[in-house]
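Trainee: Take a look at what TrEMBL says about it:
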type     : residues : note
COMPBIAS : 110-120  : compositional bias 'Basic and acidic residues'
COMPBIAS : 122-131  : compositional bias 'Basic residues'
DOMAIN   : 29-78    : domain 'AN1-type'
REGION   : 110-131  : region 'Disordered'
Amino acid sequence: MTAACLPAGPAARELPAEEDFDALVSAAIKADNTCSFAKCTVSVVTLGQLCPHCGHRYCLGHHLPEVHGCGERARAHARQRISREGVLYPGSGTKDRFLDPAKRAQLQRKLDKKLDELTGQRRSKRKEKGK
């Protein structure tokens with residue numbers, strides 16, 4: 001067949017474009033199902049981790065930000081979180097909650113009672129030494 005015999009029109013142009021589109025979709029699916037680390041072909045369909053800094057999926061061997069190249073972004077994010085929240089690790093931050101007045105008064109009475117008991121114990125020991 002010569003070039004003059006080929007049909008000209010939208011049907012002739014769609015065939016290569018459709019094949020290219022299918023190839024593009026299959027390449028994207030394959031790239032999404034494998035580790036995004038260079039030269040790693042491990043499947044991440046079942047056990048893949050999504051990096052919160054770059055958005056790529058990595059296998060368990062490359063999921064740490066320092067391993068796959070997001071170390072600086074991870075450090076900057078951690079510094080920003082610590083400065084904003086004041087929390088180095090869970091439970092280390094300052095408590096923002098205040099006790100309700102009834103609970104605070106009850107704890108104050110308990111503290112005063114304990115201090116009075118301890119003060120009384122010290123006084124009795126001094127009297128015994130003096131005798």
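Keep in mind that glycine also has a Cβ here, set from the backbone N, Cα and C atoms.
Keep in mind that this is a model prediction, so the values were computed, not measured.
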Trainee: If you average the pLDDT over the domain 'AN1-type' (29-78), what number do you get?
Mentor: 91
Trainee: Go ahead and report the DSSP secondary structure tallies for the compositional bias 'Basic and acidic residues' (110-120): helix first, then strand, then coil.
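Mentor: Its residues fall into 11 helix, 0 strand, 0 coil.
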